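Structure, as structure tokens:
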Amino acid sequence: MASRSTSPWKGFCGDYGFWEPSLLNSTRPDISPCFQETVLSWIPLLFLWLVAPFYFRYMQKHDRGSIPISHLHRAKTVFGGLLIIVPLGEVAYAIAEVIIPTHQIAGIYLLTPTLVTLTMILAFIIMQVQRIKGVQTSWVLFIFWLLSAVCGIVEFISRIYSARHRDQMQFDLFHFATFYFYYALVLAKLVCSSIVDRRPYSTTDTNPCPESSVSFLSRLTFWWFSSMVVKGYKRSLTSDDLWSLLDRDKAAAVMPRFLKTWKKEKLKSDLSVHPPAAKQKKMGSQIPMQKLEESGDGHRNKVDEVAFSGTPSQNTKKPEKHTSDTDAIMRGYKASLFKTIARTFGRVFLIGCFLKLLHDILLFVSPQILRGLIRFTADKGIYQWEGYMYACLLFVCTMIQSSLLHQYFHICMLTGMQLRTALIGAVYRKALILTNSARKDATTGEIVNLMSVDAQRLMELCTFVNTLWSSPFQILVALFFLWRTLGPSVLAGYGAMALMIPLNAYIAIKIRGIQARQMKEKDARLKLMNEVLSGIKVLKLYAWETAFRDKVMEIRNREVRLLRMSSYLQATMTFMWTSAPFIVALLSFTVYVFVDEENVLDAEKVFVSISLFNILKFPFSMLPSMISRTMMGHVSLKRLETFLMKDELDTKSVERFVEGDHALHINDGSFAWSRGDNLILKNINVKIQPGSLVAVVGQVGCGKSSLLSALLGEMEKISGTVNVNGSVAYVPQQAWIQNATLRSNVMFGAPMHETEYQRVIEGCALAPDLEILPAGDLTEIGEKGINLSGGQKQRVSLARAVYNDADVYLLDDPLSAVDSHVGKHIFDKVIGPQGLLKNKTRVLVTHGISFLPQVDHIIVLVDGEITEVGSYAELLSHNQAFAEFLRNYSNEAEDAEENLPGDVETKAADGSPSHREASPTKISTALKSHQEEEALKKKISEDQLKKQREQDATKAALAKEGDTLIKKETSETGMTRMRIFILYIRSLGNFLFLLIFLLYALFNADAVFINVWLSRWSSEELVNGTTPEEIRDKYLGVYGFLVFLQGVLLLLAAMLLAMGVLKASRSLYLRLLTNVLRSPMSFFDTTPTGRILNRFSKDTYTIDESIPFAVASFLRMFMLVVATFIVITWSTPIFAVVIVPVIICFALLQRFYVATSRQLNRIESVARSPIYAHFSESIAGATSIRAYDSSERFINQNQNLVDVDQIAYYPTIISNRWLGIRLEFLGSVLVFFASMFAVIGRDSLSSGIVGLSISYALEVTSIMTMLVRGTCNLENHIVAVERVEEYCNIPTEAPEVVESNRPASSWPDTGKVEVNRYSVRYRDDLDLVLREISCHIEPGEKLGIVGRTGAGKSSLSMALFRILEAAAGSIKIDDVDVSTIGLHDLRSRITIIPQDPVLFAGTLRMNLDPLDQYPDDLLWDVLKHSHLQSFVSELPEKLQFNCTEGGKNLSLGQRQLICLARALLRKTKILVLDEATAAVDLETDDLIQATIRTEFAECTVITIAHRLNTIMDSTRILVLDAGEIAEFDTPNELLKRGGIFHCMARDAGLI
């Protein structure tokens, strides 16, 4: 005894054991002090020490700057210091106890305070580092303090209990006082860690997202989002209410990471195809993606940069990397988009997976707690505190599950959002640099589909893809617990489930195949829709709307058939997996009771098993859906991968900024549009000196535009070299105009220099147009320049090039679309020797020979080869074919030749500018031009600029007041109108909907009755410890029948719903398509194609695939919620007291959430359209964008539009989480009260009733959440129906056919046209464009219509076809008022060759004869007359030649000749030519005119022309000026009269 007393230690635990079960076997339970001081005290300490190293590393990498010292930080510091002092005091006290000889102390009282002291020092250091590194709130410290507080609760209660009931002699005042002081400090620190500190930096963002500066607790509960929910409830949200994106979610942050990884993948693939020895040659196709990602020097060695992510020297240090690349080469590596996605987003996604795993583990805790509750109810000897403990544990368990689940969903959805951003950005970048051969296989509609459908599908897949491993995991864990409950009998149920797996796998494979085919049909439909919308004007002019509607619907019907097959298969899968838990339960219970008479189904076995089977419902129901979605996602992934692997333009095909004396140099160049195709340009040798003006001439299709494309690097260089020195500006033959202000179109991203800007406007003859436009140069130009004439568009395109001040100008026939006098003005002021570009290198493709004497050099192209090169004088002196052509077609050619001085210095062979000895006349002209230029400079004085600024302000004000052509897309506000739901139900079918509703109601009633029946079975009294055989068989028979009936009801409901929703989808689509095609042109003028296409892509996808799922989910959950509340209230009537306030809370949450979520969804739908509109616009102008080197700017615009869309989408994600965590909290409250009532009423409730009640209460959390979310999803998705319905109700044109007033089948017989006091305007809010026009056109008369740009020439032709409806007056054709007959009858009986030739992707035959009305012989005949026979006959495919989208693989002239062939096919009595020969050479123009004179000799021909020579042989000429008839007479009379026509003819050199 003496030896023991001399030791200062009282053992490790002192007087108590480590774990003393006897302390729990009491009405007042307690835990051993040793256990409290070790396990409970060390848990938070262990957490902090484990996490701290990783947290320090994280803070080191994410330094946001120091946070200023705040009151909060001071408080944290004080509390932290005290928390170090308190345990340190306990250490000192323990040491003192050890030192005092008479005292003994347990080792734990020294060890634990020491560990606590060290941990508090660590926490203090973390807190200080956080401030230095800019961490406003810390999840690490919050969890640490929370664990400390939770683990301290037991000791908190235990010490109070010990102080009250134990001997005062054993009372330790010091440790009692220090613990409660310590615990108070822990609580204070917990509160402080729940409060966010100051920002470490100031922000200029006017509406920053609060998420970045809220506490961890706020993030955990999504409390920070409450302000938006409240705002959305009080009033309808607008885009201005939305917060900015966090930096981590912006495209500028996401794209570089994704592209870097993708380039590494693509490089491996390319190296596996092209060995390293050839990589320098082949890497050109990889550079554009690098260039588009990064600004800076584009000529670095991208191979080293991409392959090794470092410098070449670093490469030598990592031979293993090189080895892996070599292995890839040997293996034939194929780039994987999946690997790229995994490497880019996988790390964060894995965190979500870990949270999901924790959630799934906790799922199986609840049934075990339920087991304890049922035992507690059945065994009255168990202490009451155990029941309360089980109730509290259920509440805590469900709350932790909820937090884990919603953080998991948040991470996955955030990853999905970032993935969508990355995919859209990658697709956009790729589309800008596709080769022409790749563009053939990827139309605008198909690429929009990749963005709208495939990217969206992969984003949605991110949310639930973990189900693929989570479901099997849950199924296996459930099997383990079911085995413990029912033994081997459960294998019978699982065996049945195992039999379903191969069947489902087979169905999944079938679904995957069907969906791949469906996506092809979807692509084809969107491709055709895009072309229909792009060429809608031509469709209306030719009365082809119905024909093309049928073509679209033919594809749509095939798509719907595939959707129906897929839906039926999915319905079968849903039936099998939804029924699976019930079948598993039935077979398991059946085998269990039959295998041994002593096996009795008591309440514990039944309801623990039922709760486990309920857990199985989710994996069983989600697994088929996820397999299906994964199959769809795989299809989308492969489609995206295929697109991203398409060939890119080789940026090295044109060498830039090389040394040499030439601005442009092609040496032995041969070019084709794609490798393997016929050569378009052969043996091209061109040398052009800086400052030269070079004209390129030749017949239609000879390769003039292709030569410019070769210089731009747009063609495949088969051989030779191309050098371009300096920056390039490009004016395409068909002007590309953006949907922006006219000023923005001209400036094209360049800074504003007012003096230069005004010079360009004057030089390009745009000043008079600016006076006409409502807001001047701030007037918004519609999509594709819809509110500009052809000449205006071309001049804006030219002004853009001039203003951008490049070194080299490539001008593709920019004067073809302007009037001759305007063309002369532009040439003199801009292009010519004295123009604004006189010191620039200019290559001018032209058909106008009047300008040729003034150029330095002429290149003559014939069939893709250069036949003649030289100056104008040289070509005339050669007396070859071109000289003969000049003499035949130029009135001034001879004059020019005569006027040339004899000592003209011809150009050098290398193409240097000529230096002619100027005659007095030329000197006079040059002086005059110089004087005009100086006068222009003086005119734009400072006062003028000041006045200009004032005018700009006025124009801007006008533009704001409503002169915007493209109206901002609006969205509905407030609740989704019931009319939309009713409309959808009617589309589905009223009777069918009621039948489906009834089937789902019966299905859920059956499911409830199954559980009630099992409850009754488990409560049956036993006879000799077993259930009598007849009673067992009765219960089992009814149970089996109910399970079978449930399966039948579900299968019927799923099949009928699949049939109904697709019927509704087809019906809505047909209405949408019909109405859009019948909409007036004013609708297309003011609505971007992307916005319309959005209805046919994303909204249609939602109606096809999202709404059916939402409807099924809503119906199931609604019925289940009703059934659940009935069962719980029936089981424990007192529960009704809780249900009422909980339901009120549910309803309030739903109202708050729905109001916000619905409006967010609408805003996001509106924000999505500009992405597609901008994309379509960018694709149309991709050549210009590349030529101006503006790719980076357009990529930034695309990223900004995606960010704007995500700004609306991100709150939608958060709103779901905000709702979900609150709904599940209410569900946890229900579970808690159900458990508490079971504990309180244990004496009056049977264990079967308790099991039934709590098992349903455990379901409430998920089904209430799913109901509210299902309701909201349905409302959100029904917005797609609302948006489609909006376009279904757009005012349409006049009827296609007026049955009561149909013209005779031979009408028009003669072709007489009478216009009587006719006035017209483009839209109701605009001025008249034609004013009281009156004229009489005799049958067979050839009428020419001329006038300056904007005079109303094309408007008159549109009025004739009723594209524009009369504001006053009338037009009669053969005495029939055209306003009284149907549009189809009118437009199908007269013909037009429009100004813009529109072709569709498809065969040449389809483009000539879309309705398939004429035989091939007739087609060849019209091709002969339209001078295309030789061209088509040389094509390998002949009439089956495939035209690309818009006919881009044909020249503009060839396209116009195809339009002529269409007119020859129809050969109606009235033919309108609207600038039909503007893009063809003079020789072809003469041939076309001869064809028209011959083939339409007896027809009335109305010709609108810029080339006056094409109408000089007209019977009469009508001159329009400012929408009125200025002159109307024969050509000779008008020339004699000396009016407007005389001036135009003089300017054109005709007189």
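Please read every residue number as a count from 1 along the shown chain.
Even glycines carry a Cβ here, placed using N, Cα and C.
TrEMBL does not curate its annotations; it predicts them automatically.
Residues annotated as compositional bias 'Basic and acidic residues' in TrEMBL: 904-919. According to TrEMBL, the domain 'ABC transmembrane type-1' annotation covers 350-632, 994-1276. Per TrEMBL, domain 'ABC transporter' is recorded for 664-888, 1315-1547. If you look up TrEMBL, you'll see 303-324, 894-922 marked as region 'Disordered'. Annotation comment: TrEMBL describes 39-56, 77-100, 106-127, 173-192, 348-367, 387-409, 461-483, 568-594, 606-623, 981-1003, 1038-1062, 1134-1154 (among others) as transmembrane segment.
Within the same chain, residues 394, 397-398, 400-401, 404-405, 407-408, 411-412, 414-415, 462, 466, 470, 473-474, 477-478, 481, 608, 611-612, 615, 1258 sit at least 6 positions outside the transmembrane segment (348-367) and bring their C-beta atoms closer than 8 Å to a C-beta of that stretch.
Below 8 A, the CB atoms of the transmembrane segment (981-1003) and the transmembrane segment (1038-1062) form 3+ pairs separated by six or more positions in the chain. For the transmembrane segment (39-56), the partner stretch with the highest count of Cβ pairs under 8 angstroms, out of 77-100, 106-127, 1134-1154, is 106-127. Averaged across the domain 'ABC transporter' (1315-1547), the predicted model reaches a pLDDT of 84. Only residues 6 or more beyond the boundaries of the transmembrane segment (173-192), in the same chain, are considered here, and those with a CB under 8 A from a CB of the stretch are 72, 75-76, 79-80, 82-83, 86-87, 89-90, 93, 109, 141-142, 145-146, 148-149, 152, 155-156, 159, 163.
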